[in-house]
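K.L.:
This is the structure, below, for whatever I ask next.
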Amino acid sequence: MTDTDRLLSAGRRAEDVDAALRPRSLDEFVGQQAARDNLRVFIEAARQRGDALDHVLFFGPPGLGKTTLAQIIAKEMGAGFRATSGPVIAKSGDLAALLTNLEDGDVLFIDEIHRLQPQVEEVLYPAMEDRALDLMIGEGPSARSVRIDLPRFTLVGATTRQGLITTPLRDRFGIPIRLQFYTVEELERVVSRAARLLDLPIASDGAMEIARRARGTPRIAGRLLRRVRDFAHVLGADIVDAKVADQSLNRLEVDNLGLDAMDRRYLHMIADIYRGGPVGVETLAAGLSEPRDTIEDVIEPYLIQLGLIARTARGRCLNGRGWKHLGLNPPPEAGQDGLFDV
């Protein structure tokens, strides 16, 4: 199973792209209060100066609204919006074509910007700093450098792996913004808003039940809401309340902490086979038949956030909360090093 096959994957799927549900302004956008407040100031200041907004870098876990915020920036600035992704820009010529087709003030959004090729980054540096392209025309002794002026534009980059962005590129973003996981209360508002736009009657306790299991991620909350809607229609429920939501999510094997079968396999492997750990990530990856990157970037962050596991120098260990969630008692020696205190 790949990560995108999981119902609780925060990665983007075609079914998640619903323009009708997407917030269109900072006022409609739920959560990320500090980021929204700062963006509102930066956008208003740029408008008053009659200038383009400084380049923006959004970083944080997937599914938190980086693409949506980029589109909102363009709308609030009254600018055009162009979107692409790092892997798509294979050659420097591809980037040059994108940049030369921008209109004055446009927003260029590059998702997965950490995956840009080094030669493409070299073209991006003068474009970001000087609004110019330095291109080599011709080959050999007759080759010459030509500088092409570009219109004012705002580059909005998005990444889930900030550490993989090179320092020269990262330093050229004037507005770096980290997006955080959502609280359950914020996700309840996201679910209620989406249900209203889908014409789906939902009780506050039903929205809260979905929010609790959405792993702090609006994209997952929206996906769970759609699946709960399917169950509600088939069951003939007039309204999605806590009972309907709980029954539906249990059928989907999403437990009360928002863990799915893959998460529980991971926890059970540490508990049942390695007596709570420590166990190395390569061993876990082999046992689960998953790449190491999937373990480190997809499975573990949420488990660490919940305090179910700990990453130590010796490997991964199950914490007290992890044992409790599995309904198991730790072996006698497990509590001696203090790793398993709740």
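Cβ coordinates are placed from backbone N, Cα and C, and glycine is handled just like the others.
Pasting the feature list from Swiss-Prot:
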type	residues	note
BINDING	Leu21, Arg22, Gly63, Lys66, Thr67, Thr68, Arg172, Tyr182, Arg219	ATP binding site
BINDING	Thr67	Mg(2+) binding site
BINDING	Arg292, Arg311, Arg316	DNA binding site
REGION	4-182	region 'Large ATPase domain (RuvB-L)'
REGION	183-253	region 'Small ATPAse domain (RuvB-S)'
REGION	256-342	region 'Head domain (RuvB-H)'
K.L.:
Counting other CB atoms within 10 A of each CB, which of the binding-site residues Thr67, Arg219, Arg292 comes out lowest?
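P.N.:
It is Arg292 that, of the binding-site residues Thr67, Arg219, Arg292, has the fewest other Cβ atoms within 10 Å.
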K.L.:
Neighbour count first, Cβ atoms within 10 Å, every protein chain included; then name which of Arg172, Arg316 tops the list of binding-site residues.
P.N.:
Arg316
K.L.:
I'm trying to understand the geometry here, so how far is the Cα atom of Gly63 (ATP binding site) from the Cα atom of Arg292 (DNA binding site), in Å to the nearest whole number?
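P.N.:
That separation, Cα to Cα, works out to 21 Å.
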K.L.:
Looking at the binding-site residues Leu21, Thr67, Arg172, Arg219, whose Cα is closest in space to that of Arg316 (DNA binding site)?
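P.N.:
Answer for the nearest of the binding-site residues: Arg219.
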K.L.:
Near the Cβ of Leu21 (ATP binding site), how many other Cβ atoms are there if near means within 10 Å?
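P.N.:
Leu21 (ATP binding site) is surrounded by 19 other Cβ atoms within 10 Å.
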K.L.:
How big is the ATP site in terms of the longest C-alpha to C-alpha distance among Leu21, Arg22, Gly63, Lys66, Thr67, Thr68, Arg172, Tyr182, Arg219, in angstrom?
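P.N.:
About 33 Å separates the two most distant Cα atoms.
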K.L.:
Considering the binding-site residues Gly63, Arg311, which residue's Cβ sits among the greatest number of other Cβ atoms within 10 Å?
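P.N.:
When each Cβ's neighbours within 10 Å are tallied, Gly63 leads.
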K.L.:
Using C-alpha positions only, work out which of the binding-site residues Leu21, Thr67, Arg172, Arg219 is nearest to Arg311 (DNA binding site).
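P.N.:
Closest recorded candidate to Arg311 (DNA binding site) by Cα: Arg219.
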K.L.:
Same chain, not part of Arg292, Arg311, Arg316: whose C-beta falls within 8 angstroms of the C-beta centre of the DNA site? Give them in sequence order.
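P.N.:
The surrounding set, listed in chain order, is Gly280, Val281, Leu284, Ile295, Glu296, Glu300, Gly315.
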K.L.:
Quick one: Cα separation, Thr67 (ATP binding site) versus Arg292 (DNA binding site), in Å?
P.N.:
27
K.L.:
Restricting attention to the region 'Head domain (RuvB-H)' (256-342), give the mean pLDDT.
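P.N.:
Summing pLDDT over the region 'Head domain (RuvB-H)' (256-342) and dividing by its length gives 87.
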